[in-house]
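Following: one structure in structure tokens, then a few remarks.
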Amino acid sequence: MPVEHTHTHPVNFDPTATEPDPHAAATHAGRAFRLGIGGPVGSGKTALVAALCRALGGQVELAVVTNDIYTTEDADFLRGAGVLDATRIEAVQTGCCPHTAIRDDISANLDAVEHLEQHHPGLELIIVESGGDNLTAVFSRGLVDAQIFVVDVAGGDKVPRKGGPGVTTADLLVINKIDLAEQVRADLGVMVTDAHRMRGELPVITQSLVRTPDAPEVAAWVRDRLAAQPA
Amino acid sequence: MHAAALMLADSRFPGGGHAHSGGLEEAVARGLVHSESDLAPFLAGRLRTAGELAAVFAGAAAHAGRRDAGVDHWRLLDAELDARTPSPAQRTASRAQGRGTLRAVSHLVLDTLAAATPRPHHPIAVGAVVGASEGAPADAALTVAYLAVSGPASAAVRLLGLDPFAVNALVMRLIPVMHTVAEYAVRHAGTDPADLPAPAAVGLDLLAEAHDRHSQKEVRLFAS
């Protein structure tokens, strides 16, 4: 005989409900804030990292760890872009499994993060860029304090609707390359509506690095996160 | 088999092993391995050389871990394995995984090891974890003997798209040899570190060095 459900739960047990993660990532005063940037191949993760380096590099002590499956490709891109001193970029090899290196077995990335911290005392921000992966790839909270998931209009306007932990749980979702929406016949309005529906209260930013090369909105979001850190 | 050893041998153990191919990626890049039939002798050779060296030091480290050896002994053991690892690239790969193992496990015995060397060689970290958990040298030796084969075997599936069942059959065929290697290691577990055996594979040393050079110039997906 079914028992009547009269009490309430402090957390929502409905697995389909979207809501902000009630658990704050553990903060570690005295070390750099660790920001993960993930998303599918070609969505513009490295371009966003370069933009953030340009936007924040003058005010914030920062460094970057790249995880491209072609490991030196992104590091070379960043070095070539001249946005960051070469010693502030570390590349990590992921054994053909970029999601494993940011989620299940984060030791190589932690090694790289600690290497940067040792060689650049006073770092305030370390960006860990994942290799391009699928919609299920998210960063472990053991590796990063916050994460951005980057998708783009050219990847298809159904991507936000498909969901997956990257779209639904990342601290910030960036819909990139919006200047291409018309050419690829992507409905940006549908993408944004779907994104908000999938993410509840979590923020969504649309951007085009062609129109705003320094990613001002994302940079402002990162600044806010840094300001919220305990000193 | 001690459960601590099972944990360390599990490919899901988060100690950084997934990004290491044990020279297999370089062998593939050079066309030395491109099918299950080439993989078999690569794995067998690796087990009897690098695998045996790792087993000897894992067994000795488990022996040391069980009796809660001091900082000096751990330092000596680590230095003796360094002396038996001529390739700097292999030393780096081994120390990265040793550090990863310490990161993933916490225990008082491991604090002593970390005080001796914060980035110990992988077989020593594995042996220390097993010994600290009161596992036997045989458990530690068998674990690293198995890992000497399972890591490259998994890398071969990922790099060459080999049939995972065929590759697993190759690993299974080597099980009696893994036990032989572990038994050999156990006989030396209590030996003075300086007198431990020094099996070597010059080919694997050269592949590790070549991999390291190529990873700086062209695409390499694994850390070793």
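All positions are counted from 1 along the displayed chain.
Glycine residues also receive a Cβ, built from the backbone N, Cα and C atoms like all the rest.
Going by TrEMBL, these are the annotated features:
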- A:1-23: region 'Disordered' (REGION)
- A:35-205: domain 'CobW/HypB/UreG nucleotide-binding' (DOMAIN)
- A:G39, A:P40, A:V41, A:G42, A:S43, A:G44, A:K45, A:T46: GTP binding site (BINDING)
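Neighbours of A:G39 (GTP binding site), defined as other CB atoms within 10 A of its CB across all chains, total 30.
Confidence annotation: the domain 'CobW/HypB/UreG nucleotide-binding' (A:35-205) carries a mean pLDDT of 91 in the model. The GTP site is set by A:G39, A:P40, A:V41, A:G42, A:S43, A:G44, A:K45, A:T46; from the centre of their CB atoms, other residues of the chain with a CB within 8 Å are A:G132, A:V150, A:V151, A:D152, A:N176. A sphere of 10 angstroms centred on the C-beta of A:G44 (GTP binding site) encloses 24 other C-beta atoms. A sphere of 10 angstroms centred on the C-beta of A:S43 (GTP binding site) encloses 24 other C-beta atoms.
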